[in-house]
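According to Swiss-Prot, the features are:
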DOMAIN    29-210  domain 'BPL/LPL catalytic'
BINDING   69, 70, 71, 72, 73, 74, 75, 76, 141, 142, 143, 154, 155, 156  substrate binding site
SITE      138  site 'Lowers pKa of active site Cys'
ACT_SITE  172  active site, acyl-thioester intermediate
């Protein structure tokens, strides 16, 4: 099934949030699935069941946006890849848990492409460092919303960013959870390279393929809208 990839550059969170909901509400059975790849200015987002107490510093200077995804609080900022998955689960015959697992596998394979071992953790959505001095640190976050059988929101991967804003929150509701980025683990790939790798893996897994069958970049339908 075709997937349109939109490279949105640096875009304010509110604009993407409003656009995702509008896109999902306007979908028809023939609307192509889309992946939006974006980098946000600094912002905290709090899931619909999130506890505001997980924001530990009231005057951080970073705006807080309450959203309708699952999960607790997280941070988005420069140097982080955010990928929004606008997917018709019914058309692809996917259960929500299956979609989450495929997204997690795509992230794990992306990190492995840069010699970073990572894994999922039971009961804690996201991806975590598997070994070394930062074992257990969170390197990618995940949160979805399903409306009328279609997903929006998505995931974030920390590439090379200022990690200090994470110290002002309990990431995803876990007090004391370390958050790390790829650069701190020795990866030298830049944001754009990692984003291209991630998109290939995501599309492969949406189609139920293995990593070896990931689509070449020239096969992606792209738009800079």
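Glycine is no exception: its Cβ is also placed from the backbone N, Cα and C atoms.
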Taking the Cβ of residue 143 (substrate binding site) as the centre, count every other Cβ atom within 10 Å, in any protein chain shown.
23
Mind computing the max CA-CA distance among 69, 70, 71, 72, 73, 74, 75, 76, 141, 142, 143, 154, 155, 156, which the record assigns to substrate binding, rounded to whole Å?
16
Please give me the CB contact count at 10 A for residue 73 (substrate binding site), counting all chains in the structure.
23
Three-state secondary structure, residue 143 (substrate binding site) (per DSSP):
strand
